[in-house]
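A.B. asks: Before I ask anything, let me first share the structure, which is written out below as structure tokens.
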Amino acid sequence: MELLRFITCGSVDDGKSTLIGRLLYESKLLYADHLAALEADSKRVGTCGGELDFALLVDGLAAEREQGITIDVAYRFFATEARRFIVADTPGHEQYTRNMVTGASTAEAAVILLDARKGVLSQTRRHARIVSLLGIRHVALAVNKLDLAGYSRETFDSVVAQFTEFAAELDFAEITCVPMSATEGVNVVGHSELTPWYDGPTLLQWLETVETDPRRDGPSRFLVQWVNRPDSTFRGLSGRVLRGTLRRDETVRIGERTTTVDRIVTMDGDLTDAPTGSSVTVVLADDVDASRGDVLAAASDPPGIADSFQAHLVWLNEAGLLPGRQYLAKIGARTVGFTATKALQLNEIGVDKVHFDAPVPFESYRTSRDLGSFVVLDRLTNATVGAGMINFALGPANVHWQNVTVDKQARIERNDHRPCVVWLTGLSGAGKSTIADLVEKALHAEGRHTFLLDGDNIRHGLNSDLGFTDADRVENIRRIAEVAALMVDAGLIVLVSFISPFRAERALARSLVGENEFCEVFVDTPLEVAERRDPKGLYRKARRGELANFTGIDSPYEPPENPEVRLDTTALSPEAAAAAVVAKLRALGVC
Amino acid sequence: MDHLDRLEADSVDIFREAVAESERPVLLYSIGKDSSVLLHLARKAFYPSKPPFPLLHVDTTWKFREMIAFRDRTAAELGLELIVHRNPDCVAMGINPFDHGSARHTDLWKTQGLRQALDEHRFDVAFGGARRDEEASRAKERVFSFRTAQHQWDPKNQRPELWRLYNTRVAPGESIRVFPLSNWTELDVWRYVERERIPVVPLYFAAPRPVVDRDGMLIMVDDDRMPLHEEPRQELVRFRTLGCYPLTGAVRSEARTVAEIVEEMRTATTSERQGRAIDHDQSGSMERKKREGYF
């Protein structure tokens, strides 16, 4: 027997809980004591005038019964001769969108309910979008409460037309529309004489036959959860086959290493192959270093490894997402540092550039729910605050690193000084370029190898295609950070003079180079001072509205929290400021 | 893979995640069929290693004698560490279901006893055999269910649980209850017991047993501590769930094998917890007990 996991969703009062209660009742899966409790509860707190109120079966929490609403995901189980079902009943209230996302994340099919009289509402569209975003491709639209619309075929057809037109932009493989009354049991299990014009499947027939997860084929992926070492003679990797079939003697890649599968161990004996979804223990032919979070993959087609991604994010917490804030992300079997670049509020969904503080094996969410999804955790409260789905990697995900002989260390020895990024951040007109120029002059005079990357100059060339939106600012800094990191590899002391308003990008720049190779210099000039100086006349233009997204005016600046150097330009001369930077570089052992 | 294979693989996955990400896990072993399945899955999850955690039984001194014998035999045969905790306050006060009522008996022995044991050993993850199909409030509980340092469950403020990405992070003193059988039903459990030939306490199988009527339930007289005003009669009965013998109702049944139980299940008209006195105080009573730390 197969297992199907599906969700029900729809607007408030569209009758989701009633539908599930009805499915349980009609499939004869309600026990007598449950039914007796239901009868008593229906009389006491029911909303059906003493008739059986099926919603009470599902709305199990005291608060829900009191308020007559569903406040959390409820999982229900039923089975027919054809299939076994797990249904997540998810609430329609917008403030509980996170629960819908939760329910949808493990579902293979979705039933979207709507009230035939009301048609497609904004909530219906929102839920359909979430269903699509979470990768559910098989959908039934249950046009419910048709009893209250006189079982009108015109009403049904018009609702179906509304929905299919809207859903054309979504990623559904199939939409089956069922005219229904959950309270009356019409077209839930059996066909009804009340809708003689309908010859499609009833809802239960659809659930019994809908196609399930098709992602079983493809190259093998095995996620290592736990290193199994009962004694010195056995070293296995316990984990799960996420995709494809893992075979004995298969050549597999793990990170940069290639080996073969020697044994697939289970308590019931060794296997020759392990199908998608199975939990097994793998013994490798060679004693390669492998640990929790690694992915064993078909050597011919391994997953990418990257640390920066474009991803969909859903925010699940009352405290909104702060750009640049350090969170944790759990992806596969790894938990790593995480930053995002855009603000999100509770229940908001956005597309963002996100950064993990270590490279992780991944696939796009479209390819693999298991390797393409992550949750965001708050470092302080440990709460699960966000959910993410990877669209693609930013940067060279599939380019494996080429080893070279003349490396950074060789250059350090030749140059007689260490490389470093000196990152000057601050408002426009703060004095960054002036100070950077003085620092470079001083270092150059000492015979150090230096280079100065100036924001304005770079925007004339490398970054001439970028504007000043948040997204372009992120990309602007990302490119500079990469260039600076390359120059560090080349052995240079790189002076970067960029406004770089967001902490997250500066954190990214820092993460690209080694420890003690990054010196953040906060050129701290209050807005009113910078605006008074206004060496390029930009503040005046911005104030007149001629420049949009100007940092400090209508675009935020996030000051560094722990810069290596903070320069108060209202108290220091440019020369004194430059001397302070050089002194810090000496203290860091750079020169 | 059929649906039992899939349920098994999911449960094994849950065990491995919890163990890989915790410091001091423990398996709450209550000796029933769900515990038997839980233990079997734990062995599969870590084979050829032994499950890397001890078993904890929160004893009330009122369990069926056959349960205790089965418990000790199981732990010995599998070579697993077994911790038995009996709330010392209850021992001192002689708490029992006859003089103190089922509610107080259960709260003091089980809920308070469990909290004592978890605190004493500083367990940060406790595996339990609860299933979502058992009761309405359980249907909403997470697989990884967070507990405060006071062991409280806040049903309105649960951590969202997406995909198979379980959040195991806790501050010192806080803990996670992990339910690997969340998505199993009673019928799944029995089918799995049958398929895997998992040993269960013989009380699940029909046999002639001495019973009396109490509050609409058939209560088996397991020892001489039960106050009687009548002669127990022999009836062919079995148990669908196991707990404290004075609080656990037997059902009339002829099912003597697992296959016969599965067949009986398919035609059953009442739920398994129907035989548990402690659930019946009022609807919503399980939620209240759970919030206070009951398993």
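Just so you know, the numbers here start at 1 and follow the chain as drawn.
Note that Cβ sites are derived from N, Cα and C of the backbone, with glycine treated the same way.
Unlike curated records, TrEMBL annotations are generated automatically.
Annotations per TrEMBL:
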type	residues	note
ACT_SITE	A:S500	active site, phosphoserine intermediate
BINDING	A:G426, A:L427, A:S428, A:G429, A:A430, A:G431, A:K432, A:S433	ATP binding site
DOMAIN	A:1-215	domain 'Tr-type G'
A.B. asks: Ten-angstrom check, please: count other Cβ atoms within 10 Å of the Cβ of A:K432 (ATP binding site), all chains counted.
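C.D. replies: So the number of other Cβ atoms within 10 Å of A:K432 (ATP binding site) is 29.
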A.B. asks: Consider the binding-site residues A:G426, A:S428, A:A430, A:K432, A:S433 and say which one has the Cα lying nearest the Cα of A:S500 (active site, phosphoserine intermediate).
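C.D. replies: The answer is A:G426.
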A.B. asks: Check the binding-site residues A:G426, A:G429, A:G431 for other C-beta atoms within 10 angstroms of each C-beta and report the one with the most.
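C.D. replies: Ranked by Cβ atoms within 10 Å, first place goes to A:G426.
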A.B. asks: Taking the centroid of the Cβ atoms of A:G426, A:L427, A:S428, A:G429, A:A430, A:G431, A:K432, A:S433 as the ATP site, which other residues of that chain lie with their Cβ within 8 Å of it, listed in sequence order?
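C.D. replies: The answer, listed by sequence position, is A:I499, A:V523, A:T525, A:A530.
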A.B. asks: Would you please pick out, from the recorded positions A:S428, A:S433, A:S500, the one with the fewest other Cβ atoms within 10 Å of its Cβ?
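C.D. replies: Candidates: the recorded positions A:S428, A:S433, A:S500. Fewest Cβ atoms within 10 Å: A:S433.
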A.B. asks: Sort out the sequence-distant neighbours of A:L427 (ATP binding site) for me: same chain, 6+ apart, CB within less than 8 Å of its CB, listed by position.
C.D. replies: A:I499, A:T525, A:L527, A:A530, A:T551, A:G552, A:Y557
A.B. asks: Averaged across the domain 'Tr-type G' (A:1-215), what pLDDT does the model get? Just tell me the whole number, please.
C.D. replies: 81
A.B. asks: I want to check the contact list for A:A430 (ATP binding site): same chain, sequence separation of six or more, C-beta distance under 8 angstroms. What comes out?
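C.D. replies: A:A430 (ATP binding site) has long-range Cβ partners A:V523, A:D524, A:T525, A:A530, A:T569.
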